[in-house]
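To keep things clear, I will list the structure first and then write my remarks on it.
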Amino acid sequence: MASTLKITLFFSIFTIFFLSPITSNPHPLDSLTPSEFLLVRTIVSQSYPSPNHKLTFRYVGLEEPEKPVVKSWLTTPPTKPPPRQALVVIRLNQQTRELIVDLSKRSIVSDELYDGFGYPLLTREEEEAAADLALKHEPFLASIKRRGLNISEVVCSTQTIGWYGEVKTGRELKVICFYLNGTVNMYLRPIEGITIVVDIEQMKISEYVDRAVSPLAKAEGTEYRASKIRPPFGPRFKAAPPTPPGQLGFTLDGNVVSWANWKFHLGFDARVGPVISLASIYDVDKKKYRQVVYRSFISELFVPYQDPTEEWYHISFFDCGEFGFGIYAVSLEPLNDCTSNAVFVNGYYAGQDGKPVKVPDVMCIFERHSGDVMWRHTEAELRDQKVALTGVLEVKAVPYTHIDEITEEVYGTLVADNTIGVSHDHFLTYHLDLDIDGDTNSFIKTHLITKQVKDKNIPRKSYWNVEHEIAKTESDAKLQIGLNPPELLVVNSYKRTKTGNKVGYRLVPGSAVGPLLAADDYPQIRAAFTNYNVWVTPYNKSEKWAGGRYVDQSRGDDTLAVWTENNRSIENKDIVLWYTMGFHHVPCQEDFPIMPTLSGGFEIKPTNFFEYSPVLKSFPPQHTSWPNCTS
C-alpha cells in the first residue's frame, strides 16, 4: 500500500497526470504503447520460457535515447527517429535482472544480473496475494474471533518493511488489516496489536504475532462520500465562471502540447508518473523556440511516519521507488478532478505478467486560471510546479476519547474517539534537467548581503547588494534553504542579453522544510537525498531516481547523496537541478475523516532570459460579457 494521500500535480496552467498512447510515427520520448508492452513481453518470454523459469515483470519503461541523439532528431526533422528501446526489470528465479530490449531488432541487447542491495518495484498482484493470505490464516481467524469481529468485514493491505541494519534480508511485506462494519473508509478502523509478515518469494506467512487486543475506532463519523453526507450542511458555493464549451486554449499533437508561446512533450513512466520534456518558449524577437527544460519529473516521494513503537516504526514509504506513481495512478473524475473543458486520456503500464494494464481517464489536461493578472505594473511571466495533498490519514487505534485521558506519548493528534492521526512528513524530490538556451549551463547562488554606507555625508547607514557565487562542483551547489536563501539561478554563460547579462532561469522555492530525523536513523540513511533542498549534478542518463534504482529494503548506497560524493565539476556543463519540497504534517481534527487539500509549490522564472518583459506583447483573451461587470 502506497502512502494514502492523493497527489495532484500542476504544471504551468495545466493539470497533467498521465499520457495517451503514442502515434504510428513515435516521438523519441513517447511512452511505450500497449502493442510495445506486448512485444517486450514476447521477446523476454522467448528468452526465458516457462515452465523453465519463474518470471515476473517489475518495471517496463522507455529506455531513453541519448540526449544528443534526441536533440539531433529535433533539429533535423523529418529524419528517422532513433531505435525504440525498453528498460525492463524482471524477477527471475528469485533474482533481479536488468534488460534492454530493442523493439526494432526484436531482441534483448543487454541482460545483466543485479546482485546489490534492495529490490525492484512491487507489483499490485503480489501485494493483493500477500493481503489475501491473512484472511485464510487460521491464527489470524482466531485473533479476529477473539476480538469479537466478523471476518467478512475485514479487509487487508500491505506495507513495506524497510531496512533497519539487518545484514541479510528477504523479500517481505507486512500485512495490516482493517474493519469495515459500517464504513467504506477502511483506513480509519485499523485492527491493532497484530503483526503479520509475508515472504513474497514463497508467498507464505513467515511471522505471526498477536500481541494484544486494542480498542477499535468507531465507524461513526468516518463517511466522506458526498451522496451519504447528512445535514446540517454548510453554504453552497457559487459557480465559478464557466469556460465556453468546445473551446481549448491549447493543442495536442500526438504527445506534444502547445499553449500560448510554450511547447512541451508529455510522457508517462510507471515509476514516476507524468514526465514533462523538451519545454521551450517561442521568442518573438528572435523568431525561434528557445530551450528551457529537457526533462522533469518527481523522482521520489519519501513519507516517514513518526511513531517508533513495535507495530509502527517500519512505516516509511518511498512511493515512487517501492510502489510506482504510475502503477498507483487512478482514474480522474470529470468536474471533481478536472474542469468541464478538460481533455482526458488513458494510461498504461506493464502488469506482473508483462501485459499492458489500462487505467482509463488517468490524465487530464486543462487550462487553469492562476488567479493573478498577467501584468499590472510589476508582474512578469512565470512557470509553476504545484503539488496538492489530500486523502485519508494513517491512524492508530488508542483507548482515549479525550486528550485529558492521555498519559503517554502518542506520536500524533487525537482526531476522533480512539483515533490518533500519526504525525508524518512528505518530501517530494524533483528531477529538473534544465537546458537554458542549450545544455552548457552553470549554477549560481546570488546572495543578498547587508552592507554599511561608507560615505559619512549620506545619512543612510546600510543597504543590501548582491554577490554572485558560481558553483564549480557538486559540493558547492548543495543547499539547505533557510530564512535568507540566496537566489538560485541556472544560466548559460555563453549566451548574453544585449546589456551583457547571462541568460537564465531561477528557482523560486516553496516553504523551507527539511528532515527532522537523525542523520544516522535508518529511514534517513535511505532518504539522504532529502538532507538538502537543492542539489546540482552533471547530467547522467542513469541518475534519475534519487532514492536509487532498487528502493525496496535499500540501504542508502545508491542515492543522490552518494552520487554527489564524487564532487564532480558542474560549471559550464550539462547539469541537472534537484529540488526537494517538504511538508511536516501534524494532523488536526479538520483532517478527519478526509483531509482538505494542502497545496505547495515552487516556480521557475526567467531571469535575464529576455530583453524585456515577455508579456508586453501577449494579446489578452477575448473578453466575455458578464452580468456583474461594466465596461
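Easy rule for this one: first residue shown is 1, then count along the chain.
Quick reminder: no glycine exception, Cβ is built from N, Cα and C everywhere.
Features of the protein shown, as given by TrEMBL:
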type: SIGNAL; residues: 1-24; note: signal peptide
type: DOMAIN; residues: 27-111; note: domain 'Copper amine oxidase N2-terminal'
type: DOMAIN; residues: 120-213; note: domain 'Copper amine oxidase N3-terminal'
type: DOMAIN; residues: 248-382; note: domain 'Copper amine oxidase catalytic'
type: DOMAIN; residues: 386-615; note: domain 'Copper amine oxidase catalytic'
Highest-contact recorded stretch vs the domain 'Copper amine oxidase N3-terminal' (120-213), from 27-111, 248-382, 386-615, CB pairs under 8 Å:
386-615
Can you give me the average pLDDT across the domain 'Copper amine oxidase N2-terminal' (27-111), rounded to a whole number?
94
From the DSSP assignment alone, can you count helix, strand and coil residues within the domain 'Copper amine oxidase catalytic' (248-382)?
5 helix, 69 strand, 61 coil
